[in-house]
Amino acid sequence: MELESSPPLPPHVMLVSFPGQGHVNPLLRLGKLLASKGLLITFVTTESWGKKMRISNKIQDRVLKPVGKGYLRYDFFDDGLPEDDEASRTNLTILRPHLELVGKREIKNLVKRYKEVTKQPVTCLINNPFVSWVCDVAEDLQIPCAVLWVQSCACLAAYYYYHHNLVDFPTKTEPEIDVQISGMPLLKHDEIPSFIHPSSPHSALREVIIDQIKRLHKTFSIFIDTFNSLEKDIIDHMSTLSLPGVIRPLGPLYKMAKTVAYDVVKVNISEPTDPCMEWLDSQPVSSVVYISFGTVAYLKQEQIDEIAYGVLNADVTFLWVIRQQELGFNKEKHVLPEEVKGKGKIVEWCSQEKVLSHPSVACFVTHCGWNSTMEAVSSGVPTVCFPQWGDQVTDAVYMIDVWKTGVRLSRGEAEERLVPREEVAERLREVTKGEKAIELKKNALKWKEEAEAAVARGGSSDRNLEKFVEKLGAKPVGKVQNGSHNHVLAGSIKSF
């Protein structure tokens with residue numbers, strides 16, 4: 001008599017994130033997507049960040065929750081810092097090496113526990129760039145690994161070319177060298193990711209990103225929050241520099257995540273009640289200028305004043321996000337001039353995805369961070385580009401010169417100038433009225449259609465996700481227990 005065998009356990013993928021909302025959010029979205037395709041996902045970050053997630057998500061540690069065809073759970077490790085030492089947790093120079101020292105040990109222990117105690121061995125590790133040492137852990141344990149790159153493919157190429165000395169970059173003696181990379185437009189010296197420039201004061205950020213570039217050869221997949229048609233030339237070029245298929249565009253990631261029916265992940269941990277949507281409903285179509293500079297970029301109050309008076313002079317209605325400062329940088333909260341306040345709505349937070357998809361929004365004044373860039377492009381919203389540093393200056397080049405969905409207001413903090421109100425008003429008029437505004441909107445709507453096609457069933461991003469899941473050997477599964485069991489893992493490391 002033949003014994004009845006248990007259904008195979010789905011491949012177990014462990015996602016390890018740097019603690020921080022801008023890092024956790026995209027990786028959680030990826031985890032949700034992978035779970036929906038039939039994988040067992042364990043999302044891991046530090047205990048200090050776990051406390052915040054428990055409050056917002058009401059999650060239970062190590063408890064499996066069904067998502068689509070698979071499962072998602074959370075696990076956390078102690079970062080080894082005193083509970084009240086927030087100063088170290090917000091200082092990258094201190095936190096990064098400490099987290100690597102502690103994290104390597106803790107992640108190895110977690111992998112061991114899942115293998116020996118719950119009989120759910122980890123088949124793949126995925127990290128985001130600020131914890132690139134996860135690739136070393138995977139190599140030590142002989143587990144395949146992948147990375148989620150949360151900037152553009154163009155920025156990935158710039159860092160890759162810089163690290164491997166493939167073309168000339170600005171130096172201390174020649175700071176104004178322009179950079180030409182195959183598959184990309186010529187980048188002026190102030191259009192490359194600014195951390196690469198020798199004059200950048202952010203050398204610690206350059207080092208942490210280069211640490212991931214150094215480890216790319218250890219990964220079998222590089223997920224990128226972009227889509228094929230948006231960056232086709234550079235995606236094709238970068239794919240020739242690595243193993244075939246290693247570059248996997250999965251974007252727009254926030255739109256991909258919406259394709260999953262059952263959402264157990266409240267991505268924004270600080271999300272209050274959204275005060276914006278009812279107000280937007282009361283505004284005419286294409287009448288509101290949305291203004292937000294992200295969670296990290298900080299403008300001087302004098303610049304905020306000039307932007308505010310520029311909005312007033314352009315005679316446009318605005319929705320402006322003025323955030324409470326949460327980063328421990330002792331920055332004062334921005335204040336808008338009294339005479340401006342009656343022209344629009346000021347909020348501390350809003351759901352940017354929902355705002356950008358609202359028909360009342362005419363344009364987006366943005367710092368050009370990649371999340372904001374992707375959300376604007378894939379929502380069909382023209383932009384007024386006010387980049388500051390890092391990848392933002394390169395993202396602005398693409399919106400203005402390549403995709404032709406934006407106009408320029410600044411070249412970044414290296415420009416060292418106060419953009420006057422007259423210039424602000426001129427750019428706002430350009431993007432909201434007249435022939436240029438019509439052309440920008442037409443281009444933006446084209447990219448919105450391309451983004452929707454990419455995430456649709458059978459679209460380029462959907463296919464890239466399916467190929468990865470197939471690579472892991474996912475099979476239809478039965479119920480997975482939270483405790484130990486005798487299931488045999490489907491798939492094999494040898495397939496990688």
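Note: Cβ is positioned from N, Cα and C throughout, glycine not excepted.
As the structure is a computational prediction, the values presented were derived from the model and not from experiment.
Copied from Swiss-Prot, the annotated features are:
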| type | residues | note |
| --- | --- | --- |
| BINDING | HIS23, GLY390 | anthocyanidin binding site |
| ACT_SITE | HIS23 | active site, proton acceptor |
| BINDING | GLN352, HIS367, TRP370, ASN371, SER372, GLU375, ASP391, GLN392 | UDP-alpha-D-glucose binding site |
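The structure, with features from Swiss-Prot marked on it.
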residue	record	contacts (Cβ under 8 Å, 6+ apart)
HIS23	anthocyanidin binding site	SER17, ASN128, PHE130, VAL150
GLN352	UDP-alpha-D-glucose binding site	SER292, SER372, GLU375
HIS367	UDP-alpha-D-glucose binding site	SER292, PHE293, GLY294, ALA297, PHE386, PRO387, GLN388, GLN392
TRP370	UDP-alpha-D-glucose binding site	VAL150, GLN151, SER152, CYS155, ASP225, ASP391, ASP395
ASN371	UDP-alpha-D-glucose binding site	GLY22, ASN25, PRO26, VAL150, ASP225, TYR254, GLY294
GLY390	anthocyanidin binding site	PRO193, SER194, PHE195, HIS202, LEU205
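In three-state terms derived from DSSP, ASP391 (UDP-alpha-D-glucose binding site) belongs to neither a helical nor a strand segment and is classed as coil. Most buried of the binding-site residues SER372, GLN392, judged by other Cβ atoms within 10 Å, is GLN392. Spread of the UDP-alpha-D-glucose binding residues is 20 Å (greatest Cα-Cα distance among GLN352, HIS367, TRP370, ASN371, SER372, GLU375, ASP391, GLN392).
Take the binding-site residues GLU375, ASP391: by the count of other Cβ atoms within 10 Å of each Cβ, the lowest one is GLU375.
A coil conformation is recorded for HIS367 (UDP-alpha-D-glucose binding site) in the three-state DSSP classification, outside any helix or strand.
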